[in-house]
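Chemist: Before I ask anything, here is the structure I am working with.
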Amino acid sequence: MKSINDDGSTQDLDPQSDHSSDYLAHPNSNPQPHPHPRRPRGFAAAAAATTNSVAKGKKEREKEKERTKLRERHRRAITSRMLAGLRQYGNFPLPARADMNDVLAALAREAGWVVDADGTTYRQCPPPSHMGSFAAKSVESQLSGGSLRNCSVKETIENQTSVLRIDECLSPASIDSVVIAERDSKNEKYTNASPINTVDCLEADQLMQDIHSGVHENDFTGTPYVPVYVKLPAGIINKFCQLIDPEGIRQELMHMKSLNVDGVVVDCWWGIVEGWSPQKYVWSGYRELFNIVRKFKLKLQVVMAFHECGGNDSSDALISLPQWVLDIGKDNQDIFFTDREGRRNTECLSWGIDKERVLKGRTGIEVYFDMMRSFRTEFDDLFAEGLISAVEVGLGASGELKYPSFSERMGWRYPGIGEFQCYDKYLQHSLRRAAKLRGHSFWARGPDNAGHYNSMPHETGFFCERGDYDNYYGRFFLHWYSQTLIDHADNVLSLATLAFEETKIIVKVPAVYWWYKTPSHAAELTAGYHNPTNQDGYSPVFEVLRKHAVTMKFVCLGFHLSSQEANESLIDPEGLSWQVLNSAWDRGLIAGGENALLCYDREGYKRLVDTAKPRNDPDHRHFSFFVYQQPSLLQANVCLSDLDFFVKCMHGKDPWNLLCSM
């Protein structure tokens with residue numbers, strides 16, 4: 001009900017309304033509005049405002065606390081899943097109560113960074129060294145008889161309790177951006193490193209950005225499968241052809257099997273098998289070793305090693321040529337390679353006796369053939385079942401197709417140019433015959449201005465720019481010198497293909513990369529490869545290898561040489577690899593690889609994989625196998641996680657898949 005006021009406005013007369021009831025009680029009076037409460041003033045107003053703000057702030061803090069709890073709960077769930085994945089699939093030795101500092105430290109080390117005990121983080125940069133010595137990375141946990149994954153994780157948790165230390169001066173916001181991991185220095189050593197920042201810690205976002213970029217730059221997922229063979233160390237069989245430590249071999253093969261290695265490579269030393277009497281071959285120790293390899297279902301590559309072990313390589317074992325051969329050499333020293341000063345090198349036999357009956361009525365190539373034929377007969381059962389997948393035939397110094405021009409026992413040190421090895425009477429007779437056929441008998445001599453083992457090219461009249469290497473005599477001599485190498489390979493491989501019918505035969509080609517950027521390529525010339533800048537010295541060699549349908553194994557570098565060393569010796573490993581591999585592939589040869597030295601860091605492994613699977617090759621050519629030389633897993637410091645990374649990359653698997661999925 002409404003009423004009309006004097007001013008024409010209407011008034012609600014609803015009996016349910018307080019206003020209407022007042023109007024009915026006092027019909028002749030105007031309705032009085034309810035007075036508003038008075039605002040507090042002065043101190044009372046300040047107290048009221050404070051009360052309201054406290055209540056509002058308390059409510060906001062409660063909400064923020066709840067949001068913080070949710071964020072922390074979410075963060076812990078993510079961390080828990082990351083830790084579980086890293087332990088289960090990535091073989092990361094994280095402690096039981098690991099936090100983000102441990103995760104960041106583990107990821108940093110996996111990416112090739114170094115994290116010191118005080119949290120200092122920097123890139124690893126191994127210093128250069130010469131060909132004979134490189135530092136090995138330490139193993140983070142001692143190995144037991146179990147598999148790699150179980151061994152590394154279990155022992156790290158039980159025996160290597162992580163101790164974390166956080167600086168009290170750090171604010172909560174900066175804690176997660178600092179990697180501070182303190183571990184037992186006896187178990188984690190990262191030597192040969194050059195810090196780029198030894199004061200401030202590396203920010204986590206920068207570190208993760210480096211890891212993320214490494215994932216994409218080194219993704220080998222889906223690339224061709226390249227089998228990986230691990231070379232067993234020399235010295236596992238003594239000079240009486242007895243296997244020294246069968247149980248140790250089993251433990252080592254167990255670790256290799258856990259890394260998914262495809263097979264092993266074993267050297268069969270001429271000095272052991274036929275060590276005491278001509279044509280008396282003893283294979284008992286190798287039979288026992290091969291039976292152990294068979295039980296692990298690993299493939300086997302065998303090397304017919306007709307050279308000495310321990311002269312120039314890094315092995316501690318010393319295996320000489322057969323004693324009866326050394327006895328012949330006492331009366332006829334010309335059966336060995338000889339330098340200009342007349343010093344004899346007993347590392348292998350001179351190629352000048354390949355067809356000279358000076359070895360108890362046999363020639364050099366007949367001696368090699370008899371041993372190969374004996375091996376084929378002795379292990380016919382292993383060939384029949386396919387255990388022996390290939391046979392490598394040693395053709396020179398260190399088992400490589402080269403002259404022993406870089407002999408450390410003769411005083412050579414890297415990066416010396418080496419010396420020509422053609423001064424025994426048999427090779428000198430061959431040189432005189434070649435000079436006479438050419439019509440210049442006075443060319444029947446070696447160059448007298450080629451320097452010494454440790455000379456530099458510019459210090460000699462023969463190898464310097466516009467030197468005698470490129471005049472008429474120089475080209476004649478170098479052609480004869482390299483042709484002797486080619487003829488030796490042709491003669492031995494002709495008999496090797498008879499001994500090993502329907503078996504893959506491998507020949508190892510050296511990587512003489514120093515002085516490659518000079519016009520003469522001096523080190524390659526002394527090694528037997530006539531490969532100056534104006535001539536391809538590898539094509540004639542590969543034509544012979546193609547003739548016998550053998551596989552070429554190229555020695556690859558996996559280390560990074562400093563700019564100073566590169567400038568001093570004018571090296572070009574990439575250029576040499578490009579020339580050798582393309583020359584071989586263009587002639588239809590199958591190529592394999594082998595690392596030059598024992599241990600590498602993560603970057604070295606990546607370089608090896610890039611060499612085995614060239615990304616920019618338009619024909620998508622790649623190695624058919626790769627042989628990894630390494631010290632014993634039980635006796636030396638080998639970074640097994642890096643080796644596992646290398647094997648996965650060679651197999652075309654992505655070792656970063658776990659990290660990317662996170």
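Every residue, even glycine, has its Cβ placed from backbone N, Cα and C.
Caution: TrEMBL annotation is automatic and unverified by curators.
According to TrEMBL, the record shows the following:
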type: ACT_SITE; residues: GLU400; note: active site, proton donor
type: ACT_SITE; residues: GLU594; note: active site, proton acceptor
type: COMPBIAS; residues: 1-14; note: compositional bias 'Polar residues'
type: COMPBIAS; residues: 57-69; note: compositional bias 'Basic and acidic residues'
type: REGION; residues: 1-69; note: region 'Disordered'
Chemist: Look at the active-site residues GLU400, GLU594 and tell me which residue has the greatest number of other C-beta atoms within 10 angstroms of its C-beta.
Modeler: GLU594
Chemist: What is the interatomic distance between the Cα atoms of the residue listed as 'active site, proton donor' and GLU594 (active site, proton acceptor), given in whole Å?
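Modeler: That comes out at 11 Å between the alpha carbons.
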Chemist: Would you mind splitting the compositional bias 'Basic and acidic residues' (57-69) into helix, strand and coil residue counts from DSSP?
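Modeler: Secondary-structure composition of the compositional bias 'Basic and acidic residues' (57-69): 13 helix, 0 strand, 0 coil.
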